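Report on the structure given below.
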Amino acid sequence: MSMTASLALTVPELILSVGALLLLLVAAFGGDGFARAIGWGAVALFAAAGFSLTGPAGNGGPGFDGLYIADSFAAFAKLLIYIAAAVSVAVAPGFFSRTGGGYRAEYPVLILLSGVGMGMMVSAGDLLTLYVGLELQSLSAYVLASFMRRDTRSAEAGLKYFVLGALASGILLYGISLLYGFTGTTLFAGISDSLAKGMGTGQMFGMVFVFAGLAFKISAVPFHMWTPDVYEGAPTPVTAFFASAPKVAGMALLLRVAIEAMGSGTDTWRQIVVFAALASTILGAVAAIGQTSMKRLLAYSSINNVGFALFGLAAGSADGVAATMTYMAVYVAMTLGSFICVLQMRGQDGQPVETIASLSGLSRSRPGLAAAFAIFMFSLAGIPPLFGFWPKFLVFDALVRAGFWPLAMVGIATSVIGAFYYLKIVKTIYFDDPAPAEFAPAASKLEGGLITLAALAVSPLGYLAIPLLDATSMAAARSLF
């Protein structure tokens, strides 16, 4: 493939990277007075990048001699990433203005650059492309976590994320070096051909280290330790971003590496994935029960949900991968809706309300917000008829079809345990004695509109999208096999 044809495959990344540089120039000369305009410019760039997926960038095949892959799988993941990133940019100005943190023009630019990295991650066809994309996303994320530099919690979150992220990157690089040393290539196709001839001890160790590095990025147990502290300390729009877009990118990257690069060693890596899935669902469900902070509880909820998504990968089939992609699509809607609800929860003094006990009385002062948050909690718990039930059903169905019904039974049990803390929040909102402090009225029609859209998406109306989701997720999954 010619250089021009290869570049045509990377149009989404070109749009975001060139746009980020132009917006950075505007910020340099215009200052923070242009911050809101730059933010909406970033949203427009994400929309343009998503629209470009209708061309060769959506299904053009491999480019740059296999280093970059533009297929249905990458297009599906990128669309979710761009939606989550755009929402995270759109809701940020209101939060920073209310908290006095100061909304600066660098925020949307960092999200754009992170989007470029995530796009490279899901389209990677080579271990080095994987690493460059992952590091571009991570470096932007470290700065975003500590964006409110005068807030000690935010600074602490950024430092913890940076130190542990650097450790995970080192582990990943070591795994890449082992795989290169024992297979003689960094291309996914070449690694797959090498493993098809038999997996040696060195190759197995390389695979384990690569999986460990990627597990950190998706907060899978036992590499989850950074998640509760970073989610709690980072600004809430940043936390919403961390819990959605990078999760999709990391999960998509793990799926591509497992199926395309290491499909010949499925029986070996399945043991790792099964352990991570079980540990994540169990720890996420149990550890969340004792939490008092809303953001920490949602952090453990994200760990729990990653475990369920990994069950689809453990099935090792196209049905399992399609179920995982459907799970991530619905998860993005539920998570963004939940965090925007948290953004709306403020006292009369304008300060955020982040403790679960403070939610008592929300149903009286903000009945609409309380109802929406309850919908998201029930949906995250997977309680029918809400749409959050459907992806869990697909994941368990894929496990049973693959013959792993004991794993499905454990997953169902942890889902029941996890429902406890979601129901605890609903009970606090509707049945506990009202807290003395009153909630401030809604201050953003945009946030209210986004909450409404997300609530409708995870309501029973979401089942109308099943034919579309099934078709697109299965097309995405089949492009890996």
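For all residues, glycine too, the Cβ spot is worked out from N, Cα and C.
Feature annotations, reproduced from Swiss-Prot:
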TRANSMEM  14-34  transmembrane segment
TRANSMEM  38-57  transmembrane segment
TRANSMEM  76-96  transmembrane segment
TRANSMEM  108-128  transmembrane segment
TRANSMEM  162-182  transmembrane segment
TRANSMEM  204-224  transmembrane segment
TRANSMEM  235-255  transmembrane segment
TRANSMEM  272-292  transmembrane segment
TRANSMEM  297-317  transmembrane segment
TRANSMEM  323-343  transmembrane segment
TRANSMEM  403-423  transmembrane segment
TRANSMEM  449-469  transmembrane segment
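The listed stretches are 14-34, 297-317, 449-469; of these, 297-317 has the most Cβ pairs under 8 Å to the transmembrane segment (235-255).
The transmembrane segment (403-423) and the transmembrane segment (204-224) are not in contact, since fewer than 3 Cβ pairs between them lie under 8 Å (pairs 6 or more apart in sequence). Distant neighbours of the transmembrane segment (76-96): 12, 35-36, 39-40, 42-43, 46-47, 49-50, 53, 102-103, 107-108, 111-112, 114-115, 118-119, 122-123, 148, 235-238, 240-241, 244-245, 248-249, 252, 325, 328-329, 332, 336, 340, 343, 443-444, 446-447, 450, 472-473, 475-476; these residues of the same chain sit at least 6 beyond its ends, with a Cβ under 8 Å from one of its Cβ atoms. Highest Cβ pair count under 8 Å relative to the transmembrane segment (272-292), across stretches 162-182, 204-224, 323-343, 449-469: 204-224.
Remote same-chain residues near the transmembrane segment (297-317) are listed as 218-221, 224, 227-228, 230-232, 239, 243, 247, 251, 254-255, 258, 266, 270, 273-274, 276-285, 287-288, 291, 323-324, 327-328, 331, 335, 338-339, 342, 356, 380, 391-392, 394-396, 398-399, 401-402, 404, 407-408, 411, 414-415, 418, 421-422, 425 (criterion: CB distance under 8 Å, separation of at least six residues from the stretch ends).
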